[in-house]
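Structure record follows, encoded as structure tokens.
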Amino acid sequence: MGNLRVSSMLLLSLMAAASANNFHQDVGITWGGGHARILGRGNLLRLTMDKTAGGAGFKSNRDYLFGRFNMQMKLIAGNSAGTVTTFYLSSEGPSHDEIDLEFLGNKSGSPYTLHTNVFTQGQGGREEGFHLWFDPTKHFHTYSIVWNPKNIIILVDSIPIRVFNNEESIGVPYPNNQRMKVYASLWDADDWATRGGRVKTDWSKAPFVAYYRNFVAKSDWEMQGLSARGKKLLSWVRKRCRIYYYCNDERHGRGSRHPPPPECKA
């Protein structure tokens, strides 16, 4: 009887794991119509952008208050200038919270810029940008957002690239009371995405295609901070791959009308 119970529990856990990777069950297409398509048995989703539709998007059926969110993505190959491919969390309304990953295309195809930001009560301005250490168009890679009451950790292939700590004690807004859904999209942003909008979308290269698979959302976020090895990896990413950090922006310089956020002073 004990073996039967264990076998039943194992079967249920396998079924639960399988459902976590089924886009048919887990997400809804929000815009773009046929330019967003779930393929196979629901384990792969394709977003397409061409001149007939400026892209497409989808969002999770469930909303969450904290968790770990993983998505494997394969980005647009070749000339992707002007395009933005995204994976992010967001609540709704003008005072929304948001945790952003935006992949900004370029003319050569490599390197992509990964632009991250954190919004609280509708206010952002906490951007960090990175050049990835690999070509994200060749293979699928795993992008993760860990969001818990203590911090937000963004990871690429399990390597931490950004940590945003809860520092409400010194007046830093932190998203911790609005439930958020998982969103993803591909869209045309050639007014700003590539070299500040100086490089436009080349529609002769359309359709532009991005792929998503293995979406997993866990309410058990697993990590509350970084291990010693995680801190070393984060330091390596900051030194080698980070190309923009909001605390170092010249607009926050001495005598500026835009003083740095309190966490930068700390």
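Even glycines carry a Cβ here, placed using N, Cα and C.
Just so it is clear, the model here is predicted, and its values are computed rather than measured.
In TrEMBL this protein carries:
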type	residues	note
SIGNAL	1-20	signal peptide
DOMAIN	17-212	domain 'GH16'
ACT_SITE	GLU98	active site, nucleophile
CARBOHYD	ASN106	N-linked glycosylation site
All-chain count of other Cβ atoms within 10 Å of ASN106 (N-linked glycosylation site)
18
How many other Cβ atoms sit within 10 Å of the Cβ of GLU98 (active site, nucleophile)?
18
Distance from GLU98 (active site, nucleophile) back to ASN106 (N-linked glycosylation site), taken between C-alpha atoms, in Å
25
